[in-house]
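First the structure, in the form of structure tokens, and then the observations on it.
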Amino acid sequence: MFVMFIVAEVDDEVCVKREVERAAGEVGVHVSLTPFQRREKAEKNLYVVTILGKDRVGIVRDITRAFLDFGINIERTSLTAREELISIEFLVDLGQRDAAEVRKRLRREAERLGLDIVMQPYSTFNREKRLIVFDMDSTLVEAEIIDELAKEAGVGDEVSKLTERAMRGEIGFKEALEERVRLLKGLPVEVLERIYSRIKLTEGAKELVRSLKEAGYKVAVVSGGFSYFTDRLKEELGLDYAFGNELEIENGRLTGRIKGRIIDASEKARIVEEIARKEGISPENVVAVGDGANDRLMIERAGLGIAFNAKEVLKDVADGSISKENLVGLASVLKLPAEFRKKV
């Protein structure tokens, strides 16, 4: 006995049914025609997951195994390398899975493997980014500048403890900042220049900013630190915008007070929105990069939020987490054209 199933799309159901039955009768076979309602494919829930880290044997295997364990389908994969740094881009379908939970699980697995991870919706990934905003301390520069000022003032331990508590979100930023600045009262203004001359840019920061500028980005630093240093960074790196808290100075010494409005988390987010509005850039086209609790709101509201060498409180709300060694990996995450990525 021979049985054949055929699925066909027809324009005139009645005419086709009559002709098929006639032809079947001529060759002596039985035919049964049943209307078939095509089931629409489930809409895909696509995300782009970018893995960054030092190249080693087994990275692709380890990550694909993690996707398999989580039941996530990989649509496609691409890989680029720059010296020791490798960037692997996965297009994945999350299906009905919760993106925040998947991101958290993948981040933990990536950290276990010594890798960085950024996960963003495919729709966001495909959207051209036009503004990138960096925090300053421990992001564009390696130091926490207020701690360096405190050492010069002989109050290093006290200020460092307050800084750590503020970074973890244990005390309010304004409260912590005002208390730390109060401890700097009487510090000569010449110390600020001395500190700026010795702080180091984060590895790759200068090259990354240059490539971002050449690729057409507006680049800003918005910091809860001090405007003396953000203004100097703007000049050195050719940034478009720089915002920081202004230290009050009288007779060549710090008064222990801040002039004007304090830039805390909500003020940072407001400034980012103001820059975007001024430049005619939508929030979805904004990238925010920071390391502490004070960066939380601007990272949550940006189209792409990156926790850089950050505390857990920030990693949990960011789209991705990048370690200190991989700042240049942002060029891959942002899909800068190849000619610009080569310069980073």
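Using the three backbone atoms N, Cα and C, a Cβ is placed for every residue, glycine included.
Because the structure is a prediction, the values reported are computed rather than measured.
Of all Cβ atoms in the protein chains displayed, 25 besides its own lie within 10 Å of the Cβ of ASP135 (active site, nucleophile). As annotated by Swiss-Prot, active site, nucleophile applies to ASP135, with the evidence given as similarity to another entry.
The active site, proton donor feature in Swiss-Prot is assigned to ASP137; the stated evidence is similarity to another entry. Over all protein chains present, the Cβ of ASP137 (active site, proton donor) has 27 other Cβ atoms lying within 10 Å. For the recorded site, ASP137 (active site, proton donor), the DSSP three-state label reads strand.
Residues annotated as Mg(2+) binding site in Swiss-Prot: ASP135, ASP137, ASP291.
What Swiss-Prot records for GLU144, ARG180, SER223, GLY224, LYS268 is substrate binding site. Within its own chain, GLY224 (substrate binding site) has ASP135, ASP137, PHE173, LEU177, GLY244, ASN245, ILE262, ILE263, ASP264, LYS268, ASN294 as residues 6 or more apart in sequence whose C-beta sits under 8 angstroms from its own.
This prediction places the mean pLDDT of the domain 'ACT' (48-120) at 90. The domain 'ACT' annotation in Swiss-Prot covers 48-120 and is backed by sequence analysis.
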*ASP291 (Mg(2+) binding site) and ARG180 (substrate binding site), distance between Cα atoms, whole Å*: 19
*asked:* Measuring Cα to Cα, how far is GLU144 (substrate binding site) from ASP291 (Mg(2+) binding site) in Å?
replied: 11
*Go through ARG180, LYS268, the listed binding-site residues, and name the one with the sparsest Cβ surroundings, counting other Cβ atoms within 10 Å.*
ARG180
_Residue pair SER223 (substrate binding site), ASP291 (Mg(2+) binding site) - Cα distance, angstrom, rounded_ = 11
*Check each residue in the chain of ASP291 (Mg(2+) binding site) that is at least six apart in sequence and keep those whose C-beta is under 8 Å from its C-beta; list them in sequence order.*
ASP135, ASP137, SER138, THR139, MET167, ALA307, PHE308, ASN309, ALA310, LYS311, LEU314
*Can you list the residues of the same chain, besides ASP135, ASP137, ASP291, whose Cβ falls within 8 Å of the Mg(2+) site's Cβ centroid?*
PHE134, MET136, SER138, THR139, LEU140, GLU144, SER223, GLY225, GLY290, GLY292, ASN294, ASP295, PHE308
*Should GLU144 (substrate binding site) be counted as helix, strand, or coil on the basis of DSSP?*
coil
